[in-house]
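J.: Take this structure first; my questions come after.
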Amino acid sequence: MSYLRFASRRAASTLSAQRSEAPYRRRLEELRKQLASEGTEIDDFFGEKNGSSAFESVDVVGGRTDAYSEPQKPSWLKVRPPGDHESQKEYTRLRETVRKKKLATVCEEARCPNIGECWGGGTATIMIMGDTCTRGCRFCNIKTSKAPEGLDPNEPVHAAEAVTSWGLKYVVITSVDRDDYEDGGSAHIAKTVKEMKKRQSDLLIEVLAPDFRGSLKDVEKVAGCGLDVYAHNLETVERLQRAVRDYRAGYKQSLKTLEAAKSHAPHVVTKTSLMLGVGESHEEIRQTMRDLRDCGVEVVTFGQYLRPSKRHLKVEQWVPPHEFEMWQQEGEQMGFRYVASGPLVRSSYKAGEFYLSALVKERQKQMLQAA
């Protein structure tokens, strides 16, 4: 946290609760102006001692709301609870199947804001390889451990039975990181995909895969297992990687992962996701998009970062809906085949949407014609 924000919050907390809102804001703005003229020397004093250097070097992005001065979520981030959807019956059916098969879903584990909408529409993201991750990214609500329980050898079959019983046309499989396994769980993921395809050959499958510690052999194993969409999330811009993700993840490593998947299986659609509101600048987002296109990534999603709990990474800015619309337009102009961009969009949000499904089917048709 920069000194400017630290001092502003500290000064704000000492103001009397009885004072009206208007005087409070005037005083806060005056204090910010004063601190702005002193900030250089004070920032030098703090240096990197508190790990804040990653957040200090960019200007405030125009149109965004500072989440420190306005901690309350804006109106556009309000979501409907699961029971408030017309498809409550579908939501309940899907939830009961998940419980019966003892499966984990990233929808629940990560406390996704869209669980009601997606489950109500009969779409879920199955999380395999357990519910405990070997990594500890600062934004993620998944449980972590250096030594989680071993992989369940029956899980690929159970997951396949559950998914095919739902009668879905499109499913997303994601997983925790399993750095405790030599192959990172790549064989387990590949087996799960094959079991699903064996039971329902026309099922479109998207896998949100780990980086396998940079092992391209394991990336290729998953990319070539019969899936339709290979997704791996870059999460944020290059400068903020160490502040946001686990130290074992990395910007270049993730780009190489996506590039290797595309190179090994050209017919597979490659996809990634970026969180906004963690301190990135517009130019950094554009550079990230250019880097993704250079690696052959075809689908990208943008969403507002929401803090799962007080122990997680803090939100830096609230990004307005019109900015998300801007990124969708710019992404399409850059050549991305599909861009989903909105405050509540997540990497798996409405993954089976008509256009993405059509894109996958188009690729399948091209493969048959080339054969």
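Glycine residues also receive a Cβ, built from the backbone N, Cα and C atoms like all the rest.
Feature list, courtesy of TrEMBL:
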REGION    66-88  region 'Disordered'
BINDING   CYS107, CYS112, CYS118, SER348  [4Fe-4S] cluster 1 binding site
DOMAIN    119-337  domain 'Radical SAM core'
BINDING   CYS133, CYS137, CYS140  [4Fe-4S] cluster 2 binding site
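Looking at the shown structure, what environment does each listed feature sit in?
T.: The average pLDDT computed over the domain 'Radical SAM core' (119-337) stands at 93.
The Cβ neighbour count for CYS140 ([4Fe-4S] cluster 2 binding site), using a 10 Å radius over every protein chain in view, is 21.
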J.: Using Cβ-Cβ distances, find the residues under 8 Å from CYS133 ([4Fe-4S] cluster 2 binding site) that belong to the same chain and are at least 6 apart in sequence, listing them in sequence order.
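T.: Result: CYS140, ILE142, LYS143, THR144, SER145, PRO148, VAL176, ASP177.
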J.: Under 8 Å between C-beta atoms and at least six apart in sequence, can you list the same-chain neighbours of CYS137 ([4Fe-4S] cluster 2 binding site), or say none if there are none?
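T.: Sequence-distant Cβ neighbours: GLU235, VAL244, ARG245, ASP246, ALA249.
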